Each structure stands twice: as structure tokens, then as C-alpha cells.
Amino acid sequence: MKELLSGNEALARGALEAGIEIACGYPGTPSSEILENVAKYKEIYSEWSVNEKVAMDAAAGAAYSGRRSMVTTKQVGMNVLSDSLFYTAYTGAEAALVVITADDPGLFSSQNEQDNRHYAKLGKFPMLEPCDSQECKDFMGEAVAISERFDTPVVIRTTMRTSHSKSVVELGEPASYGKQVGPFPRNMEKYNCMCTWARERHYVLEQRLLDLEAFSNEWPGNAIHWGDREYGFIAGGILYEYVRQVFPGASILKIGMCYPLPKKLIREFAEGVKNVIVVEELDPFMEEQIRAMGIDARGKSIFPICGELLPEDIAECCRKAGILKDAPSARANEAILDLPIRSPLLCSGCPHRSTFYHLSQMKLPVAGDIGCYNLGTLPPFNAQHTMGSMGASVGVLHGMGLSGLPEPAVCTIGDGTFFHAGVAPLLNMVHNKGKGTVIIMDNRTTAMTGHQDNPGLSKTLSNGTIEPVDIAGLCRACGVEKVVTANAFDMKEVRKGLEECTAYDGVSVLITRGDCVFVSRSPKPARVVDADKCIACGKCIQSGCPSVVLSDAVHPKTGKRKARIEPVTCVGCGVCSQICPVQAISGPENA
């Protein structure tokens, strides 16, 4: 049977066919849909772990116990789980252990553009790169087989385009499930990384890498497709498809295993063409290794080191380099509307709006974090001044407090991010007698990545029901004495909480609590502007709500346009009503 699947959907299907039994991960674009689709298969236990390292350790424990396991993450999550991934490269496991990293060339949803292929070389484990949805499914089976044959974790690397593009996939049969596992292996020399035993495992790791390189030369995922031999292109992942599109008659070496590279196959290919061109996004990962073999390959002298490569980019770069004689085919620019540029905004009814409105008014220095609330950086608030990595806001705040700033400093962090990486730096602040206010924006979901669950909610990915973790109680357990909770939609309450916490001499926590508009079960009628009362002051516009817009009505004295509210998009949160200085905004029942 055939189905049209995205790369992420195909990876999930591949997990079912490969007999994966335990799947853990942390949400992050472009990887989130993998685990969400795995969770549809009841044969596989699936969980959103509290962070990527926890997911990696849980999967390792399951693989040590004899259960085929997998981990999903976006590219920056590899930084979080790498400590644990590296020790599993030394230990191996009793059953397959597969990690999927979805990279983000082009920075569509990430804070950096790191190339995770380097992790394979650093950690000395194999990495596969599927080129389309069919290979995404098939490579899951290949990864399981390689993992168990060579006693190693295997990483599958996709990119945003591979993850989200759809193509036809020939489905196979699901694996058989229900086997029992035996007692846990008491093999400390293998699974305990005490330095004495780990030293011996390093020799095993190095020999395994040599064996994997020999295997990669015979593995069908790496293959030569001979054509015109003037130029020979080496490419992997979706770039292989792009090169085929731009150079349909060329010789191409398709790389399905980017580490270790099939050096014997690469030499055979290089000897059969006049010019070797390496096409890869971001770093010259393959090019440097190929040139180190003594092969005169070109890559980054032709293609940029930053950003993603699309077929038209490859064609244009090759045309400038004299490789492609024909001009690239024109794109359908006439179909692109001349739309005005719009800055992203917090959604109508977002519970974070009131907090950022007050932070903007109070002009406090704000360390930010990863989440929807990073939009507080942009106009009209301009109220978040740093953002780096998950949980960094609390640590940065601690450093700001140590620096003796002349004003009180705060940080913003969401509930999901706080559970992921905010607890440890909060403990650090308390232990080291820091000073500053941690604002935990609890919108009752992990919103930015698609409304996944977190420990603060009463459900799990596998539809289990649990007792949610009380954030205020957790903060007090960390030693925070000043913990204030405010209704995120009550402007006065949020302002009072901010003033109270920022005046405190020590570590304080303000929890602003309000449901994300996409998970709220209590919609309210849209607000209405009384045009006769409106003085066109623009303060409601400064709330940054996309439902508050300018009307055609003009104030007779100032000539400024008055406000109105879009009834289709307004969710009746009431923040604009509280901002209005003349009470011109009300519910329809009072209009």
C-alpha cells in the first residue's frame, strides 16, 4: 500500500515497521510531528520527556533492557542530549538505539544554524541522511539493523525540508510486538562508564568505526549514479534530489550515510569524473573529509556556508561558477502578491500580553527565553533584551544581578521551558544568594511547538492522567521565599505582582497564569469600542493585539483615527478594556 507522507510521518511509520518499542523526545520544530505520529501507534510507548537529555537517558535505559528505542529532537536539542549520547556510543546497548535530529538550515525556527553532522564525527557514531519520505521510513529500519549489528547508537539527520515535504511512500508490514525481556544485564564492564572500563571501551569504539566505514562502502544507501562525467556531484539528504533536478543527466554520488563516509566509493567516483563538486548546506563537512583524502573537490568555493540551498540556489551558484551553462528556469514571480511586511505578534487573547505591556511601561531590563513570549522583543513592547537557549534566561538574570545594575532585573520563561531547563538555574540563584525576579509565564501548555504536554499538566502523550506539578510549590521547594501568583488577564494584579517582586531583596518568582487561547475552553464575547467615547489616544493599539485596529472614524480635535475591534478574531480577554483610560471598550452587553 502507498501513502502520501511527510518525512516526519514516514519516520514514525518506519518506527512501527522497525519494531521500535520505546519513543521519547522533546518538542521542537521541525521535529515535533515525529513523536506525535509515533504516539498514534499503540504498540509503541511514547512520551514527551522533560528535556532532551532525560529523553536520551530514558531511551538508553530501555535499550539496555532489551527494548528497541528512539529519541526525537530538533537540532539544538542535540546540544542538550549529547552528553548522554556520547556515553551510549561507548556502551552500545542490548537493543537498537536510534536518535533523530531535525536540523534547521535557514533558521526558520531556531536560534542558531548549527550543523549536527559534526556530532557524528565528535561522538564517533554513524549518521544517516534520508533524501525523501520513502527513505525516511526505510532508514528507520536500516538504523535499527545497523545499531544492533554494530552495537552502536545511530543518528538519523533530517532538515526542515525533508521533515515537512511530502512524497509517496510504499508501506511495509508493522513489526511483531509483545515480546518479553529478560533480567537486566549485569555487565558493568560494558555499561558502567567508570574510567577504567571506559578506557577499554574506547578501543572498541575505534574498531567499530573502522568496521562501519568498510560497511558504508557496501551499504546500498550510498550509491553511484553514472551519467555525464564532466562534473560529478556528491550530495546527501534532500540536496541529492535537488541536484538531480538541476542536473538530470549528471553523475551523482548519493550519500545516505554522511558519517563515516564511504571512502572507497568516493575514490571510485572521483576517478570516474573530471571534476568533483560537493553540494552540502552549512559547513563543508563532507568536503573537508574528501579533500583530506587528496581529492581535488570543490564545494564552499561555489556554494554559501550560511542558509539553506534550494534548487534555484544551486543552479544560480553553478551558473556563476561556469558549471551550468543554461540560465535557471524562471520562477513564477507574477503569482506573488505585493503584500506589506507584517511583524509577528502575540495572538489575540494571549496571556503574555499584559506582562509585556507592564514590562514595557516599567522599562526594566529583561532576560528572555525560548517560547512564544520571545515576541515581547518586538514592537510595540520592545521588552525582552536577550534570548539564547532553553533556560538561559534564569542564568543570565543571575549574572545581571551579580553585576550591580542600577535597576531591578527580571527574566521571562514559560512553564514548559521552566520544567525543561529553568529549575537548575533557579536553584543556583537561591544557593548563591542571587537577586532578581523570575517571571514564569504559565499558559498551561508548551505552546510554540504545537501545544504539547508538560509536567504542569494533567495528561501525558500516551493519554495517561497524572497529578500536575505545582510550579509555585516547586519554586518554594527550591528555596524561593518570595513567590507571587497573578491572573495573567488581570492588569492590576500583574502590575502589583511585578512591583512587589522587583522590590524584594533576593530571588523572587512571579507566576502569571492564564490559558493559551488555543487550549482555553471558555471563549468570551468579543469586545466593542464605543466610538463616541474613544479619544484616539492609541493606548489600546500599544497592547499589540492584532484584533485592535484603526477605524475610519477620526477624532474631531486631533485628527487621529479611532480604534475598533475585529469581532471575528477577538476572544474577549479584556486586556484592552483595562488599558483604555476612558473606558471606551466593553463587552457587547455593555455597548
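Placement of Cβ uses the backbone N, Cα and C atoms for every residue, glycine included.
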Per TrEMBL, which of CYS475, CYS478, CYS580 sits in the [4Fe-4S] cluster 1 site along with CYS534, CYS537, CYS540? CYS580
Using Cα coordinates, what distance in whole Å links CYS537 ([4Fe-4S] cluster 1 binding site) and CYS576 ([4Fe-4S] cluster 2 binding site)? 13
Taking the Cβ of each of the binding-site residues and counting other Cβ atoms inside 10 Å, which one has the highest number: CYS534, CYS537, CYS573? CYS573
Ranking the binding-site residues CYS545, CYS576, CYS580 by other Cβ atoms within 10 Å, which is at the bottom? CYS580
Tell me, which binding-site residues from CYS570, CYS573, CYS576 are within 10 Å of CYS540 ([4Fe-4S] cluster 1 binding site) if we use the C-alpha atoms? CYS576
List the Cα distance (Å, whole number) between CYS576 ([4Fe-4S] cluster 2 binding site) and CYS534 ([4Fe-4S] cluster 1 binding site). 12
Among the binding-site residues listed here, CYS540, CYS570, whose Cβ has the fewest other Cβ atoms inside 10 Å? CYS570
Looking only at the domain '4Fe-4S ferredoxin-type' (525-556), report the model's average pLDDT. 93
